[in-house]
Amino acid sequence: SSPPSFLDYVGELFYTQSINFLVPAWVFALVFSLFRSVQLPLSFKYRETALLIDPKNSCSSSRQWVALVVGHELAHQWFGNLVTMEWWTHLWLNEGFASWIEYLCVDHCFPEYDIWTQFVSADYTRAQELDALDNSHPIEVSVGHPSEVDEIFDAISYSKGASVIRMLHDYIGDEDFRKGMNLYLTKFLQKNAATEDLWESLEKASGKPIAAVMNTWTKQMGFPLIYVEAEQVKDDKVLKLVQKKFCASGPYAGEDFPMWMVPISICTSDDPTSAKMQVLMDKPELTLVLKDVKPDQWVKLNLGTVGFYRTQYSPDMLESLIPAIKDLSLPPVDRLGLQNDLFSLARAGIISTVEVLKVMEAFVNEPNYTVWSDLSCNLEILSTLLSHTDFYEEIQVFVKDVFSPIGERLGWDPKPGEGHLDALLRGLVLGKLGKAGHKATLEEARRRFKDHVEGKNILSADLRSPVYVTILKHGDSATLDTMLKLHKQADMQEEKNRIERVLGAIAQPELIQKVLTFALSEEVRPQDTVSVIGGVAGGSKQGRKAAWKFVRDNWEELYNRYQGGFLISRLIKLTVDGFANDKMAAEVKSHGFGDRASELWDCCVVPQLCCFELFD
């Protein structure tokens, strides 16, 4: 599990063990910088929280985060240093591959993390969310000057890049993919390469039309929604598939008809873990015949949630899949993908939110952390939207009803035989119940926090975030003062960051202002100010308004601090993310964003305004 085993693994993966790096040793360097990490030839620089782990005081999510970041930066020895992109247009060859390989490395060294299911929730769905907006951009963006490159260091280059590589790997097959990658890395060793060079090598190894397929994914923005309906014909099921561009703003109504070459995999209840059929959908409509599939058998597209598309099932097909969610016969990654597709279709106004909530109730027996995490994120979005209506309390009741059974099963303390994912799940569920005001959870959180502060029984690292957020959400001035004291006393940066991220949960307006003032104080490292303000914006309806006003009032200081880099983009996104009406959209539009106004507007503000229109 140490960094050298990551290096050995990637070398074996692409048969590049024989390639000698220019320098026989590499070194880790620790920096207190604005960046989580950065790789230079045969050296690595990290923010301490992206590298250092304390065996006693680091939580499970931090351990996982460090493993992923280290894997990502080591991958750049192959994709970035060994072979360098020809020009910034091909940035994704560096970042997309590093973002994919980081998961390969972690899966190899820590199989108990079930990291590929987490990839779907963390990267795949994140990329789809951004790529469904009207102002998204292709993976390959023509860059005229290096000064323009900040605009494409985003979830499209990283997460969509990694997602289409994952899809391509599945389409080609592992052995041919590895052979093709070896051809590419060997041919362009210590040289520059373009996307087309990669396709040529993979085509030679696999004999498949890689360039034709992948150009539809890297040279045009967006991705398809595939509508599927089934008809029983004797002992066979006849499927009709139709692809159209998926848009977050609703059914696609453009004059052009973009099309993708989509690798389709189909499984049935006969064997949910293997493909009954695999086909390349290279036209707008496709009819398929699944032999020997009985009327009572369900059919599901996108086995493993590998294909970069969303699926809309006919009502009958969707209904048939619900028992497979309840009895867990559908694998976790497929349960996650099905739920996430439904939620996105509801956000786009294509199906009713009521349909989604009905399906969510089928997850009552769900044991998987990542499925719960994705459900939690989607319910949080729904809660944010409903905070603008009279139904906010009702959704909190729904959250408590959904999360109470799993909370009772897990309890507060680890049981013998539990592992990494159980710790993550316990923290997630207790935090969700605590924020929603679940009485028993709130009482226990207060008791444990009191013992922690008094030194009687120190909270485990995995319980600190859920306890902190719960007592703050329902706390007062004394609670906030205690948290700020804990922050000052903490000698681990991980603990300081953990506290900073939850301070925004406090509800009273005057205390919200105190947290915002704290964000710009010397107590908070400049790179962490954004997390504090973002936590306030995401903590409550009042916090959202206060955070936006604070950013407006302190814009010059914040802009000068971050010089228009990625942190200012993140700050804008976090601050305006939860607004949902025309008045706020107009207010955001009227704000001046400094001497990079046009660039910031395009890459940060316009996507959020698209969300305003979507939620209004």
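From the backbone N, Cα and C atoms, a Cβ is placed for every residue, glycine too.
The transmembrane segment annotation in TrEMBL covers 14-35.
The domain 'Peptidase M1 membrane alanine aminopeptidase' annotation in TrEMBL covers 46-217.
Residues annotated as Zn(2+) binding site in TrEMBL: His72, His76, Glu95.
Among the features that TrEMBL reports, active site, proton acceptor is placed at Glu73.
According to TrEMBL, the feature site 'Transition state stabilizer' maps to Tyr158. For Tyr158 (site 'Transition state stabilizer'), the count of additional Cβ atoms within 10 Å of its Cβ stands at 23 [all protein chains shown].
What TrEMBL lists as domain 'ERAP1-like C-terminal' is 298-590.
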Starting from each candidate's C-beta and looking 10 angstroms out, tell me which of the binding-site residues His72, His76 has the most other C-beta atoms.
His72
Measuring Cα to Cα, how far is His72 (Zn(2+) binding site) from Tyr158 (site 'Transition state stabilizer') in Å?
11
Give me the count of other Cβ atoms within 10 A of the Cβ belonging to Glu95 (Zn(2+) binding site).
25
